[in-house]
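A quick write-up on the structure given underneath.
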Amino acid sequence: MEGGAAASTPAALPYYVAFSQLLGLTLVAMTGAWLGLYRGGIAWESDLQFNAHPLCMVIGLVFLQGDALLVYRVFRNEAKRTTKVLHGLLHVFALVIALVGLVAVFDYHRKKGYTDLYSLHSWCGILVFVLYLVQWLAGFSFFLFPGAPFSLRSRYRPQHIFFGATIFLLSVGTALLGLKEALLFSLGDKYSAFEPEGVLANVLGLLLACFGGAVLYILTRADWKRPSQAEEQALSMDFKTLTEGDSPGSQ
């Protein structure tokens, strides 16, 4: 750790992080298994192009987005700059993969002559993607761009944290809507007959909810937040001095 001794890691945190990763990897694997066993797999230049959409969205806007949010809990003692870059890169990978998923579904609809953007799932999906893109651009401008004043960073940080968690929660909810929509389209009345695909997809939905819950629990534990480093505390004190007229000695 720069500027002081490394802060100790809470005893339970590594176990919760490992559990969240187990849930996330199982979620991705089960999504692939569902598409392979019951939807024929994935192939871009065929009727299987649509299947790239759910897989990309689960990998990008659920799993990778969740991991990006956890970066500041996992890398507690590394340099802040390095952690910010990793946080931003994971979000970039998630955006690119999600964009591939969006292109897949729109291109598939165009080839089939299907209507776009009529369902609640599609409206929520576009909303999530736009918010995610805006969130990344704002985060880059405030926290990675070298010219951003510290005062603006301090004012924007609570909003960035709130919208990050909110967009992640919306992503999980949108994925659940899409999963239910896909089951109703393919199974129809057979869904209520406990068809194997329906059962597997229901388990997949529970994994989505559990992964989302695990990530949010880790994020909301106040005692698991990344401790401030010495230079961050100094900057914060200087900002308070400038804005409130306090002196460092009065803290």
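Placement of Cβ uses the backbone N, Cα and C atoms for every residue, glycine included.
As written in TrEMBL, here are the features:
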TRANSMEM  12-37  transmembrane segment
DOMAIN    19-220  domain 'Cytochrome b561'
TRANSMEM  57-75  transmembrane segment
TRANSMEM  87-106  transmembrane segment
TRANSMEM  126-148  transmembrane segment
TRANSMEM  160-179  transmembrane segment
TRANSMEM  199-219  transmembrane segment
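Counted over residue pairs 6 or more apart, the CB atoms of the transmembrane segment (199-219) and the transmembrane segment (12-37) come under 8 Å in at least three pairs, which marks the two as touching.
Over the domain 'Cytochrome b561' (19-220) the predicted model carries a mean pLDDT of 95. For the transmembrane segment (87-106), the partner stretch with the most Cβ pairs below 8 Å, chosen from 12-37, 57-75, 160-179, is 57-75.
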